[in-house]
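Listed in TrEMBL for this protein:
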type: TRANSMEM; residues: 20-41; note: transmembrane segment
type: TRANSMEM; residues: 418-437; note: transmembrane segment
type: TRANSMEM; residues: 457-473; note: transmembrane segment
type: TRANSMEM; residues: 494-527; note: transmembrane segment
type: TRANSMEM; residues: 539-558; note: transmembrane segment
type: TRANSMEM; residues: 565-584; note: transmembrane segment
type: TRANSMEM; residues: 596-614; note: transmembrane segment
Amino acid sequence: MGLLSDPNRRRALISLLTRLNAPICVVCYMAGVAWFMGLAFEPFTLRTYMSENAMGSTMVEERFPAGERALGTGREFSAHKKKAGGMPVDWLVKTMQSRGLEVFTQRFSRRLPFPDEDKERYMVKGTNVYGILRAPRAPRTEALVLSAPCSPGDDNNQAVGVLLGLAQYFRNQVFWAKDIIFLVNEHDLIGMQAWLEGYHHTNTTGMDWSPLQGRGGSIQAALSLELSSDVVTSLDLVLEGLNGQLPNLDLANLFYAFCQKIGVLCTTQGKLQRNDWDSVSGYSHAVQTMMLMVMKQASGRPWGDHGLFLRYHIEAATIKGINSFRQYKTDATTIGRLLEGMYRKLNNLLERLHQSYFFYLMPSLSHFVSIGYYMPAFGLLALILLLRALDLWIQLATPPPRTEDGVADAEQMSSPGVLSVLTPLVISHLTGVALYTLPIHFQEIAVEHFPVSETEAVVLTAIAVYTAGLALPHNTHRLLTGRGTENGWKVLKLVAVLYLAVLLGCTALINFSLGFILALTLVPVAAFVTPDVPKALSAFIMVILSPACTLLFSVFLFQELQEMPVSFLDGWMLYLSVISQGILDHALYGSLVYPLVALLVYPCWLLFWNILFWK
């Protein structure tokens, strides 16, 4: 307190921060990036451990014996699916009833805002089939869910067979204290969304669905199973859900514990765990695994059917069977035993999973990075914005130097008008509103006047509106009264820097990965852009660091991390597909990434673009 209350010391501190502001900002940026990259180094991570006492021991004897019979059921399901041309509803109802379940169906339909060219669908109609195994030893107030999506073609038939095999096996056990719901959903996420909305009596997406005739208790946890081959070499755990939500870490720990017990090869992000963490290749492998999780989480889209459960505070994950032609093989019986063990442990829960972490990153299944370890990396980047805001505040509060005749510079003394600051703010956000609303509303007009499909019209309209926003400085200057003052751009930048700091801080609290990626590209722009820098070079750098180019670079980086590099043309087509999927995810499931970028991030970037061309 003495440092701030003493005028001389306060002036010395202000002078030091003003003089060394730029070097401190550079050091903070480099330290933030280095901190983040160091998170994948194993000595800096924590080993996973079970926090929930009810699931602390894996001393459960798994006896599921019917793996081959389950695969036969899967082949029978495949034949009926081909015969029906989709979900074999009648066959599924009869099969579940023969296994002693209470069976119900739910019809749903949804018209997409524009055709989904990736999955070739526009008007979606389907039926969900689910069976409930009532708990024989409890008042049936809680439930667990095991789901398997009915995918087109020959995909995931084996998962449905394993689900039906487990239903028959679980029916003969007497120790269940929770209802177990076996769900086969059609049209992947759309069907799952319809079932969850019907189960919880909500309708947040405007989908048409029939009310559920049967319900279990309050759902405590859920697993989604995806198998597309009779032979599985490893099981991959998918955690990333809608808007970057993650399940409680104990669910991942439970999966890893039973994989270790049974001897199943397990992966996350499709990558095996390595023990040579002290080598360059081992560290690089951990960085790739962690970066894949960051990229998936930042996308805000659900990466499996489990992702929609998380918005209802239901801990869920997707288990995918991978056939990568390794020598190691896992049969359906072993997978059934793994699921049996996990559900028997979840059956012991006395309360919802809550004792472990909800915010974490995983360089491997055996190690994790908690929120207390990765938030300082973001904090160092956010500190740059606060330092720049402090520097601008000091400059605005400091009186201008006087000339030899004792008169201050009139231009320096003149205060900026409200209109000179308010106009860029209003126009920037109106441009963001146009970017958010026009692509879908103008698709019919674009299709009538140009030889493009509806999906192409939506994407090209979004790109056109985004590009048109680059004319913002010219439009702003036409609306300004008189020429801008010297302090005008400083006031505007002070507002923009504080705006960006609050925006990135709130984003990082909800979705750290998205907030950190945006901070990596937007913080340098916010820190060093002024009207005095070279216009052409600075404009090029700003465009490279803009949200659209950040997404383009992320697409290529994601493909490299998956070891599936693409050419520039293929990458560009994938980039356009990612834009359309982002808009669809917002319309169908309520993903917040597209409105966040369109209504907040892009207008904030436009403010700095306006500062660069300030006159």
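Glycine too: its Cβ is placed from the backbone N, Cα and C atoms.
All annotation found in TrEMBL is predicted automatically rather than curated by experts.
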So which residues does the transmembrane segment (565-584) touch in its own chain, when a touch means Cβ under 8 Å and the partner is 6 or more beyond its ends?
112-114, 116-118, 299-301, 439-440, 455-456, 458-459, 462-463, 551-552, 555-556, 559, 591, 593-594
Best-contacting stretch, by C-beta pairs under 8 Å, relative to the transmembrane segment (494-527) and drawn from 20-41, 418-437, 539-558, 596-614:
596-614
Near the transmembrane segment (596-614), which same-chain residues lie under 8 Å Cβ to Cβ, leaving out any that are not at least 6 residues past its ends?
424-425, 427-429, 431-433, 435-436, 466, 469-470, 472-474, 476, 484, 488-489, 492-493, 495-496, 499-500, 503, 507, 514, 518, 522, 525-526, 529-531, 533, 535, 538-539, 542, 546-547
Residues from the same chain, set at least six apart from the ends of the transmembrane segment (20-41), whose C-beta lies under 8 A from its own:
277, 283, 286-287, 289-290, 361, 363, 369, 373-374, 376-381, 383-384, 387-388, 390-391, 516, 520, 523-524, 527-528
